[in-house]
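Notes to accompany the following structure.
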Amino acid sequence: MSKRDYYEVLGLSKGASTDEIKKAYRRLAKKYHPDVSKEENAIEKFKEVQEAYEVLSDDQKRAQYDQFGHAGANQGFGGFGGGGDFGGGFGFEDIFSSFFGGGGGRRRDPNAPRQGADLQYQVTLDFEEAIFGKELNVEIPVEDPCDTCKGSGAKPGTSKETCKHCSGSGQVSVEQNTPFGRIVNRQACGHCSGTGQIIKEKCTTCHGSGKVRKRKKINVKIPAGIDNGQQIRVSGKGEAGVNGGPAGDLYVVVHVRNHEFFEREGDHIICEMPLTFAQMALGDEVEVPTVHGKVKLKIPAGTQTGTEFRLKGKGAPNVRGYGQGDQYVVVRVVVPTKLTSQQKDLLREFAGQEEQDDSLFGKLKRAFKGE
């Protein structure tokens, strides 16, 4: 696929001035920036604009391009890297900052209330516990407000002071020279770490952080029907908020141990039931285990291995309360590894007959049951 003309990419004529090239580049880079643009091919267009600017903003590269086209532009310097810096030491982070950071944007109050961080806790349940639900008392490490300083971080009897370097704003102005001129950016004040306040005398308990590490016991109700990998949100049981903000949430991630007999698919429970050849061929009534207790299941004569039977309502309850799953029983014939002489003779007799009568089926059934 041939490359587009660099002037066309920037929407300029070949006689465009350096300032016109810079303005066109800034406008298009902002338009197609991947963090801002919602267009499907924004990344490709952004790279195309960046490549065009890299060539046309350099007098030597531009002269080669004007004379030889793309072949001349690619001679004497490496191909476009896509993720590197812009020409002239002006980086990707700088251009983004000049567009969306700086003095024109809304500044967040460093002392405004902020929600605390969310926490995650892993819990492992038995198969039946996940089916029927459970109530747990879990102990988690959290950061709570310091009782000594009431979360201020300052020694009792003292208070925080306004930072003189940023006048309490938590931000300072930094000037930067760029190809587009001098730009003023705002960044967090290094003296107060962006808080706008200085603690002269720190609390000896929390050392100025305003928080202490504790282990907190929390009651968690596991709903019936929860499945492996699902999580429960316990509102307000995460880390404490900042500056009086609300606490975060606790997310309890559930893991379910495998069962030796049952498997689970959504709200349904699957199991395999081993049966003898005689039971499959002649039919029988068997007891099938379920998580709700044993139930009777009728096996029709002539049932094939792999046949699936449904036990309605014997699965797991839906975790959101939308009904109950079923249990599916898959029957498998178990081929005996040791046969008596009588059993072998009867099987040979069975295999040699075109049509089997009831008397032969009766003999087979009694033989395999040891009667």
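Backbone N, Cα and C define each Cβ position, glycine as well.
Listed features, source Swiss-Prot:
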- Cys146, Cys149, Cys203, Cys206: Zn(2+) 1 binding site (BINDING)
- Cys163, Cys166, Cys189, Cys192: Zn(2+) 2 binding site (BINDING)
- 5-69: domain 'J' (DOMAIN)
- 146-153: repeat 'CXXCXGXG motif' (REPEAT)
- 163-170: repeat 'CXXCXGXG motif' (REPEAT)
- 189-196: repeat 'CXXCXGXG motif' (REPEAT)
- 203-210: repeat 'CXXCXGXG motif' (REPEAT)
- 133-215: zinc finger (ZN_FING)
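Long-range contacts of the repeat 'CXXCXGXG motif' (189-196) within the same chain: residues 110-111, 162-163, 165-166, 168-172, each at least 6 residues beyond the stretch ends and with a Cβ under 8 Å from a Cβ of the stretch.
Residues in the zinc finger (133-215) partition by DSSP class (helix H, G, I; strand E, B; coil) as 0 helix, 39 strand, 44 coil. Within the domain 'J' (5-69), the DSSP-based counts of helix, strand and coil residues read 45 helix, 0 strand, 20 coil. Residues Lys164, His165, Ser167, Gly168, Ser169, Gly170, Gln171, Val172, Gly190, His191, Ser193, Gly194, Thr195, Gly196, Gln197, Ile198 surround the recorded Zn(2+) 2 site, their Cβ atoms falling within 8 Å of the Cβ centroid of Cys163, Cys166, Cys189, Cys192, which are themselves excluded. A gap of 20 Å separates the Cα atoms of Cys149 (Zn(2+) 1 binding site) and Cys163 (Zn(2+) 2 binding site).
The two recorded residues, Cys166 (Zn(2+) 2 binding site) and Cys203 (Zn(2+) 1 binding site), have Cα atoms 23 Å apart. Checking each of the binding-site residues Cys146, Cys203, Cys206 against Cys163 (Zn(2+) 2 binding site) by C-alpha distance, the shortest gap belongs to Cys203.
Counting only the Cα atoms, the space from Cys206 (Zn(2+) 1 binding site) to Cys192 (Zn(2+) 2 binding site) is about 17 angstrom. Counting Cβ atoms from all protein chains shown, Cys203 (Zn(2+) 1 binding site) has 22 others lying within 10 Å of its own Cβ. Ranking the binding-site residues Cys146, Cys149, Cys189 by how many Cβ atoms sit within 10 Å of each one's Cβ puts Cys149 at the top.
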